[in-house]
Structure formats: structure tokens, C-alpha cells
Amino acid sequence: MPEATAQQDTWTAPVADGPVNGRVRVPGSKSITNRAYVLAALAGSPTLVRDPLVSRDTRLMLAAIGALGGGHAETGADVRVTPVSAGRGTAGIALGNAGTVARFTPALAALGTREVRFDGDEAIRRRPLAPLLGALTGLGADIDDGGRGAPPFTVRGRGGLRGGAVELDSSASSQFLSALLLAGPGFGEGVTVRLVGGAPPSEPHIAMTLDLLRRFGAAPERDGSRFHVPAADLALAEYVVEPDLSTAAPFVVAALAAGGSTHVEGWPAETTQPGDWLRSLVTELGGSAELGPDGLTVTGTGEIPGVSLDLHEVGELTPVVAALLCFADGPSEISGVAHLRGHETDRLAALAAELSALGANVTDTADGLRIIPAPMRGGTFHTYDDHRLVMAGAVLGLRIPGVLVENPATVGKTFPGFVSAWDTLVTRTSD
Ligand SMILES: O=C(O)C1=C[C@@H](OP(=O)(O)O)[C@@H](O)[C@H](O)C1
Ligand SMILES: C=C(OP(=O)(O)O)C(=O)O
């Protein structure tokens with residue numbers, strides 16, 4: 001499907017000549033924005049989504065909703081979403097490399113009346129999806145995936161889904177579970193999911209799904225590994241999206257890597273976002289994180305201890321954290337993130353290769369990374385069309401001259417303005 005692809009050039013990540021000292025306003029949360037859009041699409045009346053993320057992944061979600069007969073109108077920084085509607089004929093949904101679009105929209109298509117073909121980047125064809133397609137089929141969906149369990153596939157909407165009870169292995173991605181729960185209110189009998197297999201990663205994202213469902217008027221229940229979402233009419237007139245705390249990660253760790261202080265505006269006092277875990281990481285690494293009414297202030301010294309971290313619940317933070325730990329004064333171990341091999345790229349292999357190529361001694365283990373810091377040098381940092389590898393390269397550049405970050409535009413998946421925000425922070429260092 002014709003859809004924007006990233007350009008191939010490089011960006012020389014700026015070196016921090018002294019301690020960093022700056023403020024940043026990161027854009028809205030990808031995960032919250034795309035959940036709000038999905039629930040707005042299923043609602044009975046329009047929803048004004050305020051301060052949403054505007055990026056490749058969220059544009060793809062809005063386009064998907066459009067393909068299913070919904071609509072949206074932008075007013076300043078806000079987006080009014082109109083629900084999907086019945087319609088005949090065929091439609092196409094472009095997935096890009098957006099996990100949220102690939103996992104959350106097939107159920108919407110199954111609830112509709114169109115024949116919808118799904119496809120996206122080469123990379124999304126390799127990302128796990130089969131357990132979700134299997135569960136949707138078990139709930140009554142008509143899906144033709146040619147037996148691949150991956151895009152391209154077609155969903156033939158039959159005007160509704162029976163729903164009911166289903167078993168799901170969500171160990172490869174929490175998004176399978178979130179997908180069933182988000183669509184649950186639209187199923188005739190609601191949905192009851194019993195998790196089988198290993199524990200899903202990214203527990204905060206599951207809590208986020210339940211939270212958003214409640215805000216739209218649904219009544220999800222959880223009893224350990226059993227989830228129930230009754231059928232419900234959804235409505236929410238207005239919803240304000242929080243800043244993306246995972247996008248904030250490189251700015252937070254900049255103060256630890258270079259010393260100095262960074263302030264992230266609008267950090268929420270309470271949130272389901274996994275990025276909130278960064279506050280405890282900062283403390284564990286010897287810095288300070290102060291949450292005030294206008295945001296989070298992080299202060300560091302540039303000295304970092306080696307640590308052992310289980311990142312199962314906050315896997316998407318791994319690339320940035322791994323880059324930071326290359327500056328530690330001893331070895332580190334990251335575990336619990338085997339599922340990262342099925343993210344935008346095989347992140348464990350990519351990080352081991354790229355961090356090692358610049359001099360660190362990094363190996364990928366069965367479920368994580370072993371990082372032995374060593375003197376590092378500049379060179380090309382390949383990014384594998386992965387926005388979080390661009391952010392990881394930026395962190396390395398703080399202390400290593402000549403880090404050439406490949407294809408920086410791919411960061412537009414979640415933060416199109418990242419390079420200029422980073423250049424501004426790093427070049428405005430204090431004495
Ligand atoms: O539901 C979501 O919004 C997300 C869930 C997580 O996926 P996995 O559970 O596949 O890691 C996370 O890594 C991804 O960036 C966003
Ligand atoms: C895994 C990620 O994205 P996606 O929503 O495509 O799964 C991520 O943003 O780190």
C-alpha cells in the first residue's frame with residue numbers, strides 16, 4: 001500500500017560539552033492516543049481528543065478509522081473523532097509498522113460490514129499476530145490470512161461479532177489482550193478472555209486499556225488472568241491525552257548520562273504509562289527525580305552504577321536504557337524482554353550489534369542484554385527503521401563524538417520533532 005516511507009540519511013547526534021540544562025515538552029502518548037481513537041470510533045457519538053499525538057502511528061490509526069466509515073476533524077491541537085459506520089464494499093487499512101494499528105483495528109473491521117484488507121511495512125509482516133487472529137476467529141470473525149497468521153490478511157465484516165469466552169496467549173505482546181478488551185463492549189455477548197501461556201509483557205499498558213475503557217463508560221473486570229468486558233454503549237465527550245513518558249525517556253536519561261538537569265513539562269501525578277517507572281530508575285542510578293505541579297525535574301551527575309533490571313513490564317524503554325548503561329561504571333544485565341525480538345525490529349539483536357560496533361561489549365541473551373561498558377567511538381548507528389533506536393543513538397551521542405544516527409526521520413513513528421528538540425536540549429548546556 002502506498003504510504004510514507006522514511007528517508008535514508010544520517011544525523012550527527014550532538015555531544016553535551018557540559019551538563020545539560022533544559023526543559024522539554026514531549027508530544028502526547030502514542031498508546032493513549034490510539035486507544036482513545038479506537039474507543040471513540042466504537043462510541044455512539046463524537047469524541048474530542050485533546051492534545052493527541054500527531055505522528056505516523058496516530059495518522060495511520062485515523063486513516064484506519066476513516067476506511068471503516070468513521071471520520072476526524074482537526075481543530076488546533078485537538079482532534080474530533082466521529083464513530084465508524086456501516087457501509088458496503090471493500091476498504092484497505094495501512095498498518096505501517098504500528099503495533100497498535102495492526103492489533104487494535106482488525107476487531108473493528110470484524111464488527112463492521114466491509115471487506116477490509118490489511119497490510120503494512122515489511123517489518124509488520126514479521127511481528128507476532130497469529131494468537132490474536134485466532135482468538136478473533138474463535139469469537140466469530142471471518143478472517144482470511146492465507147494461513148500465515150500475519151499481514152497481508154482480509155477481514156470480512158458481518159455486521160457484528162458474537163463474542164463470549166476465549167483463551168488467549170498474549171505472551172508475545174500485551175497488545176493482543178488489549179485489542180480484545182478494547183473491542184469487547186461492541187461484541188454481542190461482550191468478551192471474557194482467559195490468558196494461557198506465559199504472562200503478557202507490558203502490564204501498565206493493560207492497566208491503561210482498562211482505564212480508557214472505564215472512561216468511555218465500559219465496566220471491565222479483572223480477576224488475575226481472567227478478564228471480562230460486558231457489552232456496553234460507549235461515549236466520552238472529551239478526553240485530554242497525557243504527554244508520552246516513553247518518548248520522554250531519552251530526555252530523562254540525558255541528565256544521568258551528561259550530568260545536569262532536565263525538566264519534562266506536564267508529567268502526570270498519576271498515570272498508567274510505563275514511562276513513569278523512569279522515576280524509580282533515576283533514583284536507582286543515583287540521580288534525583290522531583291515531581292512537581294508542572295512536571296518532572298531530573299538531576300544527575302554523569303556517574304552511573306551498573307545494574308540488573310527486569311524490564312518485562314516496561315519493555316519499550318529498553319533501547320534508551322541500554323544506551324545509557326553503556327556509560328555505567330560496571331556491567332549491567334537487562335532481562336524479561338524476550339518479546340522485544342518481535343518489536344519494530346529484533347531489538348535485542350539490533351542493540352547488541354550497534355552498541356558493540358561502537359565499542360561497548362554487549363551481547364543478547366535469551367531474554368535480554370548483557371552490557372559491559374568499554375571506551376566507545378563514533379561511527380554509524382544503524383536504526384533498523386525503529387524510532388527508539390534513533391533515541392538510543394541520541395543518548396550515545398551525548399558522550400561520544402561522531403555518532404551518526406542513520407535514518408533519523410524514522411523517529412516520526414512517535415515524535416516527528418525529536419531531532420530538533422534534542423538538538424535544542426543538548427546544545428543549550430550549562431557551564
Ligand atoms: O498497547 C500499547 O500501546 C503498547 C504495548 C506494548 O507492546 P508489547 O506488549 O508488544 O511490548 C509496548 O511495547 C508498545 O510500544 C505499546
Ligand atoms: C513496540 C513499540 O511500538 P508498537 O506500538 O508498534 O508496538 C514501541 O513504540 O516501542
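From the backbone N, Cα and C atoms, a Cβ is placed for every residue, glycine too.
On the 0 to 100 pLDDT scale, the model's mean across the domain 'Enolpyruvate transferase' (18-420) is 98. Among the features that TrEMBL reports, domain 'Enolpyruvate transferase' is placed at 18-420.
In the three-state DSSP scheme, Gln175 (phosphoenolpyruvate binding site) falls into the helix class. The C-beta environment of Gln175 (phosphoenolpyruvate binding site), restricted to residues of the same chain at least 6 apart in sequence and closer than 8 Å, consists of Gly99, Thr100, Arg103, Phe104, Leu132, Ser202, His205. Look at TrEMBL and you will find Lys30, Ser31, Arg35, Ser173, Ser174, Gln175, Ser202, Glu316, His343 tagged as 3-phosphoshikimate binding site.
Taken from TrEMBL, the feature phosphoenolpyruvate binding site applies to Lys30, Gly99, Arg127, Gln175, Arg347, Arg388, Lys413. In the three-state DSSP reading, Lys413 (phosphoenolpyruvate binding site) counts as helix. There are 24 other CB atoms within 10 A of the CB of Lys413 (phosphoenolpyruvate binding site), with all protein chains counted.
Sequence annotations record features per position, and here TrEMBL assigns active site, proton acceptor to Glu316. Secondary structure at Glu316 (active site, proton acceptor), taken from DSSP and collapsed to helix, strand or coil, is helix. Its Cβ placed at the centre, Glu316 (active site, proton acceptor) has 25 other Cβ atoms within 10 Å.
Counting other C-beta atoms within 10 Å of each candidate's C-beta, the binding-site residues Arg35, His343 are led by Arg35. Closest to Lys413 (phosphoenolpyruvate binding site) by Cα-Cα distance, out of the recorded positions Lys30, Arg35, Glu316, His343, is Lys30. Under 6 Å, Cβ to nearest atom of ligand 2: this is the test, and of the recorded positions Gly99, Ser202, Glu316, Arg347 it is passed by Gly99, Glu316. When every Cα pair among Lys30, Ser31, Arg35, Ser173, Ser174, Gln175, Ser202, Glu316, His343 is compared, the largest distance found for this 3-phosphoshikimate site is 19 Å. For the pair formed by Lys30 (3-phosphoshikimate binding site) and Arg127 (phosphoenolpyruvate binding site), distance between Cα atoms is given as 18 Å, rounded to the nearest Å.
Cβ contacts within 10 Å of Arg347 (phosphoenolpyruvate binding site), excluding its own Cβ and spanning all protein chains shown: 26.
Residues from the recorded positions list (Ser174, Glu316, Arg347, Arg388, Lys413) with a C-beta closer than 6 Å to any atom of ligand 1: Ser174, Glu316.
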